[in-house]
Amino acid sequence: MVKLVEVLQHPDEIVPILQMLHKTYRAKRSYKDPGLAFCYGMLQRVSRSFSVVIQQLPDELRHPICVFYLILRALDTVEDDMNLPNEVKIPLLRTFHEHLFDRSWKLKCGYGPYVDLMENYPLVTDVFLTLSPGAQEVIRDSTRRMGNGMADFIGKDEVHSVAEYDLYCHYVAGLVGSAVAKIFVDSGLEKENLVAEVDLANNMGQFLQKTNVIRDYLEDINEEPAPRMFWPREIWGKYAQELADFKDPANEKAAVQCLNHMVTDALRHCEIGLNVIPLLQNIGILRSCLIPEVMGLRTLTLCYNNPQVFRGVVKMRRGETAKLFMSIYDKRSFYQTYLRLANELEAKCKGEASGDPMVATTLKHVHGIQKSCKAALSSKELLAKSGSALTDDPAIRLLLLVGVVAYFAYAFNLGDVRGEHGVRALGSILDLSQKGLAVASVALLLLVLLARSRLPLLTSASSKQ
């Protein structure tokens with residue numbers, strides 16, 4: 001639940017939080033089918049953010065993407081379970097795709113909600129078998145290639161080169177981007193050129209995966225019974241003898257320099273991946289792709305030059321997440337937000353990290369991102385569709401007006417305030433009107449939020465941008 005102190009410290013995030021809570025509530029659909037009920041319930045447990053993101057998709061794409069996501073999380077659970085010996089894990093990864101059509105197959109492994117996912121995996125299979133043959137084949141092929149790629153890296157104690165690091169991220173995330181693009185095109189909601197530009201979707205996936213690898217350093221290095229080491233020696237070897245050395249506060253300077261090097265490496269995928277945005281046409285698909293990219297860049301901005309990565313968890317506040325989520329509703333809003341985040345990263349580079357050995361290369365990538373965003377914002381397509389800013393939205397203006405009126409009505413009813421102005425209290429009648437106004441204000445606030453959550457611009461999955 002959102003912490004009250006955080007909300008009070010950031011009042012501008014209150015409305016986005018309420019909107020996000022409303023969307024989360026809507027995402028908890030009641031499905032009579034046991035398989036669908038399990039899949040969407042499990043999706044809520046393993047990734048609340050993706051559960052909301054998936055609701056942006058057109059109806060015909062939600063089930064395939066939901067099932068695809070859970071299948072890959074199950075595959076990832078096998079890879080991440082360090083209690084499984086390699087002689088068991090490797091064959092499981094290489095043959096995982098063969099069990100997609102087996103209604104009886106399940107496995108005991110993982111932790112937390114993933115134990116339930118693996119033990120009740122036949123319910124996922126039930127839904128998978130209802131998908132179109134085309135979607136089934138895309139998912140099966142992607143799972144086969146990913147499982148074999150994961151298996152190739154299991155026998156290695158560490159990732160040695162940046163090229164190996166790129167390959168691993170391609171297997172576990174880049175392939176997903178390409179497969180999802182194929183599902184979008186096969187649905188008829190996107191054009192063939194989205195699949196033709198396979199490297200763009202691959203880079204979007206690699207960017208998000210590298211963001212997770214960077215953020216999860218401490219969790220991975222402390223994994224029992226053996227650490228998971230995805231940072232490539234080619235990078236960290238320049239700053240330490242062992243990857244685990246970065247946990248020692250005495251090595252903070254070297255650790256942060258290595259961290260900045262890793263962030264810089266991830267940014268090169270961000271530059272390339274941006275080129276996929278102009279190809280997306282369906283507004284629901286667009287939002288489902290844009291929101292994770294924004295969250296990824298914000299996470300990198302928080303991690304950059306931040307020693308907290310080696311001490312604990314670095315993540316966005318719930319309110320900030322909600323604010324970013326609700327601010328992305330079309331290409332223009334995406335580029336505006338992305339440019340702002342790139343500007344924040346540039347400021348960190350030129351300020352607190354100005355002496356970093358990699359800062360020139362970091363800035364080169366940041367400037368590339370800024371250039372792409374500015375070019376897109378000045379394009380004829382987006383200028384023609386620029387519309388009003390969020391603060392000019394009638395619903396927002398009404399919301400602010402209600403808030404101001406309610407506040408001053410309340411303040412004026414306070415004895416001290418009335419006394420200063422020589423106004424006599426009207427007793428219970430005024431108290432009653434005050435309560436009525438408060439109730440009406442809250443009701444109108446909820447109506448405004450509900451209306452905004454149903455605006456075609458934000459939720460129409462079938463309209464075209």
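Each residue, glycine too, has its Cβ placed from N, Cα and C.
Listed in sequence order, R215, T299, L302 are the same-chain residues at least 6 apart in sequence whose CB falls under 8 Å from the CB of K315 (NADP(+) binding site). Per Swiss-Prot, the feature NADP(+) binding site maps to R48, R73, R215, K315, R317; the stated evidence is similarity to another entry.
For D76, E79, D80, the entry in Swiss-Prot reads Mg(2+) binding site. Following the DSSP three-state reduction, the secondary structure of E79 (Mg(2+) binding site) is helix. Long-range neighbours of E79 (Mg(2+) binding site) (same chain, six or more residues apart, CB within less than 8 Å of its CB): K89, L93, M150, I154.
Annotation comment: Swiss-Prot describes 395-415 (among others) as transmembrane segment.
Among the features that Swiss-Prot reports, transmembrane segment is placed at 429-449 (among others).
Put simply, R317 (NADP(+) binding site) is 26 Å from D76 (Mg(2+) binding site) when counted between their Cα atoms. In this structure the alpha carbons, written CA, of D80 (Mg(2+) binding site) and R73 (NADP(+) binding site) are 10 Å apart.
Each of the binding-site residues D76, D80 was scored by the number of other CB atoms within 10 A of its CB, and the lowest score belongs to D76. Secondary structure from DSSP puts R215 (NADP(+) binding site) in a helix.
All protein chains included, R48 (NADP(+) binding site) registers 15 other Cβ atoms within 10 Å of its own Cβ.
A 10 Å cutoff on Cβ-Cβ distances gives R215 (NADP(+) binding site) a total of 19 other Cβ atoms nearby, all chains included. In the three-state DSSP classification, R73 (NADP(+) binding site) falls within a helix. Of the listed binding-site residues, namely R73, R317, the sparsest Cβ surroundings within 10 Å are found at R317.
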